[in-house]
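Pulled from TrEMBL, these are the features on record:
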{"type": "DOMAIN", "residues": "33-89", "note": "domain 'Potassium channel'"}
{"type": "DOMAIN", "residues": "126-203", "note": "domain 'Potassium channel'"}
{"type": "CARBOHYD", "residues": "N28", "note": "N-linked glycosylation site"}
{"type": "REGION", "residues": "228-277", "note": "region 'Disordered'"}
{"type": "TRANSMEM", "residues": "37-56", "note": "transmembrane segment"}
{"type": "TRANSMEM", "residues": "68-91", "note": "transmembrane segment"}
{"type": "TRANSMEM", "residues": "111-137", "note": "transmembrane segment"}
{"type": "TRANSMEM", "residues": "178-202", "note": "transmembrane segment"}
Amino acid sequence: LLGNYDDLEKFIEEVVKASNRGVSAARNVSGEPNWSFGQSLFFSSTVVTTIGYGHVTPLSKGGKIFCILYAMLGIPLTLVLLTALVERLMVPATMLLQFLNSRLGHLYQPFNIRLLHLFLVGTLLVSIFFLAPAAVFAYIEPEWDFLDSLYYCFISLTTIGLGDYIPGDSPNQPYRPIYKVCTTGYLLVGLTFMMLTLTVFYDIPQLNFGLFFLMRSDETTGDPEKVRLQTPGAVGPKYTQQLDDSGIGGRRSVVRVKSRRDDSPSPEDTTPVHARP
C-alpha cells in the first residue's frame with residue numbers, strides 16, 4: 001500500500017512537470033506551448049507589473065538568469081511608465097475637481113467635495129475595470145462564474161496574483177494568443193487607473209494617514225522630501241516637471257476649493273505639479 005502511495009506521488013510530480021511544459025494532463029494531448037508569443041507576452045507583463053501568477057515559470061538555468069535580469073530592469077521602467085501615465089491622467093481628474101468646486105463649492109466643505117471626487121473616480125474604476133471585465137471573463141471562460149471573474153480582476157489589479165485563476169488556460173481555448181495579448185493590455189491599463197485612484201485618495205490630506213507617522217522633529221527639517229511629506233497636498237519635483245516648467249504645453253493652474261463656511265479643517269488646496277495641464 002505504501003508503494004502505491006509513492007507511485008502516485010511520483011505520477012503527480014510528472015503531471016505537474018508536464019503541465020509546466022505545456023502538456024495537457026486532462027486530455028493526454030499536447031496543447032499550445034507555454035512559451036508561444038501570446039503566453040510569453042502575458043508572462044512578461046506579470047513579471048514587470050509584479051503580479052507574478054506563478055503558473056508558468058522558466059525551467060532552464062539560462063531562463064532563470066534572464067528572468068532575474070529582465071525583472072531588475074523591467075520593473076523600475078514599468079513603474080516609471082505607470083507613474084508618468086498617472087501624472088497625465090491627473091489632468092482630467094483635476095478638471096473634474098474644478099467642475100465640482102465651481103458647482104458645489106458654495107454649498108459644501110472642501111473635504112466633502114474631495115470625497116465626492118474620490119467616489120466618482122472610484123466608481124469609474126469599479127465599473128470599467130472590475131465589473132465589466134468580470135462579465136467578459138465569465139462569458140469567455142467556461143468554468144468561471146461572475147464571482148470567480150470578479151475575484152480574478154481584484155487579485156490581479158491589486159498585484160496580489162495568487163495564480164489560482166488564469167485566463168486562457170482552459171483546454172481548446174480559441175484564439176489563445178490574441179486572448180492573452182488582450183488580457184495583458186487590460187492588466188496594464190487597469191493598473192494605471194488603480195494607481196490614479198490611489199493618487200486621488202492620497203491627495204486628500206484628511207485621508208493621507210501617512211502624515212500621522214511623521215515625527216515632530218521633521219517639521220523643522222531641511223530635507224525637502226520630508227518637508228513635502230509633511231505638507232498636505234504638496235508634491236516634490238518629478239521627472240516630468242521639466243516639461244511642465246519649460247512652457248511646453250504647460251501653464252500653472254490652481255484648484256481652490258471654497259465653501260460658504262470657514263469651519264473646514266482642510267487648508268487651501270493647490271493642484272499638484274503632476275496635475276498641471
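From the backbone N, Cα and C atoms, a Cβ is placed for every residue, glycine too.
Note that TrEMBL annotation is computational and uncurated.
Look at the domain 'Potassium channel' (33-89): DSSP puts its residues at 41 helix, 0 strand, 16 coil. Away from its own ends, the transmembrane segment (37-56) comes close to residues 20, 67, 70-71, 74-75, 77-78, 156, 159-163, 166, 168-169, 176-181, 183-184, 187-188, 191 of its chain (Cβ-Cβ under 8 Å, at least six residues beyond either end).
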